[in-house]
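Undergrad: This is the feature table in Swiss-Prot:
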BINDING   Arg23, Glu79, Lys118, Lys450  (6S)-5-formyl-5,6,7,8-tetrahydrofolate binding site
BINDING   Asn224, Thr243, Ile245, Thr248  K(+) binding site
BINDING   224-229, 243-249, 268-271  GTP binding site
BINDING   Ser228, Thr249  Mg(2+) binding site
DOMAIN    214-374  domain 'TrmE-type G'
Amino acid sequence: MYTKDTIVAIATPQGNGGIGIIRISGIDALAIAEKLTKKQLKPRYATFCNVYNDNEIIDHGIVIFFKAPLSYTGEDVVEIQAHGNPFILNLIIKAALNCGARMAKAGEFTERAFLNNKLDLAQAEAVADIINASSEIAAKSAAKSLQGDFSKEINNLLEKLIYLRMYVEASIDFPEEEINFLEDQKIHSSLEEIYKVILAVKNSCKQGVILAEGITLILVGKPNAGKSSLLNALAGKESAIVTSIAGTTRDIVKEHIQINGVPMHIIDTAGLRNSDDIIESEGIKRAIKKIQEADQVLFVTDDYTNSQVKFSDIKEIIPEFYDQIPKDIDITYVHNKIDLLKEVPHNHANHIYISAENNIGIDKLKEHILNKVGYTNQNESIYTARERHVTAINNAFEHIKLAREQLELGNGELLAEELLIVQEYLNSITGEFSSDDLLGEIFSSFCIGK
């Protein structure tokens, strides 16, 4: 629920730094800032001044006042640029609280920007995405969303959709016009254009989610099959103990890397074998849980001579683990240690041949991983997207297909109903019709001070 009180928070990351920024927003922001600085502040001027708690100087720095509505939140906003010592910044926060401000909740500044129409919902989410981007391409894509590229695409689509829906509904309300839905080319061409645009946005959203959230890969296989060596080869550095002793990887090892700018979250699980060791058994439990949450499984085997290994073979290797694997999960069989062969088999289907120790076939494996998730590297057309965007677009796509079916049946009323449903799903992306629960969930994922 939006309250028009005044909020304050540290806007810079935790830890020591040259500069730390305090952000104040709300109806009393200027009064509080002038009480802290004992100066009259002009809008959009950088004023060098001391910062006080009553009459005691806390620090000195630059203070800037942004008068509503020309500010990030659309409210009066003051930013205090002080020295980046957490103790000093917290003293300034306490002084602001004593003057009547309250601590901001996570994402509350951006939430107020959304509620004051400074950003739509997709742009607001892009703020968090640009802060958390883990690759250069992801950061650039988030910047495009923040600038409104994604929102413009959705709004242009909505404009076409609303026009078509109004035309269809008018033909229903005024039957004397005698519009034949089966023969009206205006309806057919408009609906086909909307269908194609939604399909294109659907594909772009899929790419955007990959960039924003990354891909989670699980390395599984028998002990000493080379999972840790493969992890090191993919990451380009050593992150797990590599020995000839079975079961050396005693816990889940996480590594975050990039492949062609795509974030990869690689998890090397404990050696999957029956064990009386409590620590290793716990690792196996974690492995099962992580595999159920993964985008892909890389099943590593040192059976490099058998190109016919398949999903059901896992049951023979680890029968107690087999039933835990979702049967629809994407599995790639990575045949390791091919450096021991005189003649290397050709990659085929989901079977990739590598030598993790000698870095043979690693680039081909990376290419295979990206292909499996459908990443096409069309950077110029990608903007960041979230799972909720993908869900909304997918639902819109399903209902635009139903709309086409109703048009072919000549059923105007059901056609109009399907178009309305598509409109509602698209509206949910930019926040035209969004519940308070959804807004709370989105903005609570932001950092404090943003």
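Cβ coordinates are placed from backbone N, Cα and C, and glycine is handled just like the others.
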Undergrad: Tell me the coarse DSSP state (helix, strand, coil) of Asn224 (K(+) binding site).
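TA: Note: Asn224 (K(+) binding site) is coil by DSSP, not helix or strand.
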Undergrad: What is the number of other Cβ atoms found within 10 Å of the Cβ of Glu79 ((6S)-5-formyl-5,6,7,8-tetrahydrofolate binding site)?
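TA: The answer is 21.
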Undergrad: If you average per-residue pLDDT over the domain 'TrmE-type G' (214-374), what number do you get?
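TA: Result for the domain 'TrmE-type G' (214-374): average pLDDT 72.
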Undergrad: Going by DSSP, is Arg23 ((6S)-5-formyl-5,6,7,8-tetrahydrofolate binding site) sitting in a helix, a strand, or coil?
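TA: Arg23 ((6S)-5-formyl-5,6,7,8-tetrahydrofolate binding site) sits in a strand per DSSP.
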Undergrad: Can you grab the distance from Lys118 ((6S)-5-formyl-5,6,7,8-tetrahydrofolate binding site) over to Asn224 (K(+) binding site)? Cα atoms, rounded to a whole Å.
TA: 55
Undergrad: Whole-number answer please: how many Å between the C-alpha atoms of Asn224 (K(+) binding site) and Arg23 ((6S)-5-formyl-5,6,7,8-tetrahydrofolate binding site)?
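TA: The Cα atom of Asn224 (K(+) binding site) is 53 Å away from the Cα atom of Arg23 ((6S)-5-formyl-5,6,7,8-tetrahydrofolate binding site).
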Undergrad: At the Cα level, what's the spacing in Å between Glu79 ((6S)-5-formyl-5,6,7,8-tetrahydrofolate binding site) and Ser228 (Mg(2+) binding site), rounded?
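TA: Rounded to the nearest whole number, the Cα-Cα distance is 48 Å.
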Undergrad: Arg23 ((6S)-5-formyl-5,6,7,8-tetrahydrofolate binding site) to Ser228 (Mg(2+) binding site): how many Å between their Cα atoms?
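TA: About 45 Å separate the Cα atoms of these two residues.
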Undergrad: Let me know the DSSP-derived helix, strand or coil state of Glu79 ((6S)-5-formyl-5,6,7,8-tetrahydrofolate binding site), please.
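TA: Once the DSSP labels are grouped into three classes, Glu79 ((6S)-5-formyl-5,6,7,8-tetrahydrofolate binding site) ends up as strand.
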